[in-house]
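Scroll down for the structure; my scribbles are underneath it.
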Amino acid sequence: MLCLCLYVPVHISERTEFEYFESESLPVQLKSLFKLSLFLPSQEFDSYRKWRKKVVKAGDKDLDGQLDFEEFVHYLRDHEKKLRLVFKSLDKKNDGHIDSQEIMQSLRDLGVHISEEQAEKILKSMDKNGTMTIDWNEWRDYHLLHPAENIPEIILYWKHSTIFDVGESMLVPDEFTAEEKNTGMWWRHLVAGGGAGAVSRTCTAPLDRLKVLMQVHATRSNSMGIAGGFTQMIREGGLRSLWRGNGINVLKIAPESAIKFMAYEQIKRLIGSNQETLGILERLVSGSLAGAIAQSSIYPMEVLKTRLALGRTGQYSGIADCAKHIFKKEGMTAFYKGYIPNMLGIIPYAGIDLAVYETLKNSWLQRFATDSADPGVFVLLACGTMSSTCGQLASYPLALVRTRMQAQASQEGSPQMTMSGLFRHIVRTEGAIGLYRGLAPNFMKVIPAVSISYVVYENLKITLGVQSR
């Protein structure tokens, strides 16, 4: 019969001591754990408390807020199985040992780049016999009761496109761990992200409509400022007009997210990657192709959004009426005006956003990720805001040309220009600055959009039963 395992915390000024008492009938593979006397410096006590909270949450089967001996043993066995899977994924040579090169390669596959010196430092923290390699026993003994996070949890903490919605649809999809896919948590993340996007876009819709108006109507001779633009919209259609075109902008979130995710997973299989996570280049290629497929599928909704945003009060009775007017007057091809610059804008936006975000993520992980891969709210928001801003800045001229091409037929007397012709016309008549009309309201909405989508996403995760970070 198994007796109860006790640990007694003793607070001392310089260290905190934990005594583990061994049970005679404890399973062999767990005995060594209870022969330990751990001496933790006082500054590491917070790490211990975080680890204890995490263990109780993972192993508490009867949900009584406590971990009895049977639950603790079950947790250790289950955790050891997970550690075995992670060890095998790191052991690229299948020789039963992990060296510094394998650690560097595994993190590189995830998008985390470290030097050989840093990899050796990681090895030394686990290497007991000085061989500069880690076998299974060393790996298990170090991680079984250690508060550090494993590699898949970096994916969990650093989700990007799922969490942040700034109104653009060109981000590379997030990676999901095998556990998230097997348990069905992936679709809950997508639903939470979609709901967050709907709230975020609705809250920032006035700025988005102002951006469209400035992209199409603002010129060197017809300057339109932010205050003037808002005044003009309210005078023409009242406060309600500030949200004109927002309905279709929200409706397109669900089909676009679903198509992009399914396409991304299929493209990953087609390029022959069996890894749980892709490298940066593979992610960019797969994500850009998935984005192109999703955008092609819902592009008519993009045209409708632009036309509704530019429409006068009473011009259209709704989305269906707008679509009917466009089809009757201009034909089916009108629903794909501006398609080429839209597709061309995916690569610079997605590429720069991903590169900046991964660079910031790697920098934080290398400098500050000592006990946890969790960056906290402020770091996540800062990284998401900076990467989205850089991506938008790079692709903005293409976005402006796309919007003007979508709007051409709705402007009486406006010549129907090609993409290259419109570029030349803007530069000749307005200068290079003309390619950045509407940039100010576009940037103004980034911080509130990122903040709102994050808060709503976290709350929807709780509602949907997604494991909290």
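Quick reminder: no glycine exception, Cβ is built from N, Cα and C everywhere.
Feature annotations, courtesy of Swiss-Prot:
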DOMAIN    47-80  domain 'EF-hand 1'
DOMAIN    78-113  domain 'EF-hand 2'
DOMAIN    114-149  domain 'EF-hand 3'
REPEAT    184-270  repeat 'Solcar 1'
TRANSMEM  190-207  transmembrane segment
TOPO_DOM  208-244  topological domain 'Mitochondrial matrix'
TRANSMEM  245-264  transmembrane segment
TRANSMEM  288-301  transmembrane segment
TOPO_DOM  302-337  topological domain 'Mitochondrial matrix'
TRANSMEM  338-357  transmembrane segment
REPEAT    375-463  repeat 'Solcar 3'
TRANSMEM  381-398  transmembrane segment
TOPO_DOM  399-437  topological domain 'Mitochondrial matrix'
TRANSMEM  438-457  transmembrane segment
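Through the fold, the topological domain 'Mitochondrial matrix' (399-437) approaches residues 212, 214-216, 218-220, 302-303, 306-307, 310-311, 326, 329-330, 334, 337-338, 340-342, 345, 392 of its own chain, all at least 6 residues removed from its boundaries and within a Cβ separation under 8 Å. Long-range Cβ contacts of the topological domain 'Mitochondrial matrix' (302-337) within its own chain (Cβ-Cβ under 8 Å, at least 6 residues beyond either end) map to 208-209, 212-213, 216, 236-238, 241, 244-245, 247-249, 251-252, 295, 403, 405-410.
The DSSP breakdown of the domain 'EF-hand 2' (78-113) into helical (H, G, I), extended (E, B) and coil residues amounts to 24 helix, 2 strand, 10 coil.
In terms of DSSP secondary structure, the topological domain 'Mitochondrial matrix' (302-337) contains 26 helix, 0 strand, 10 coil.
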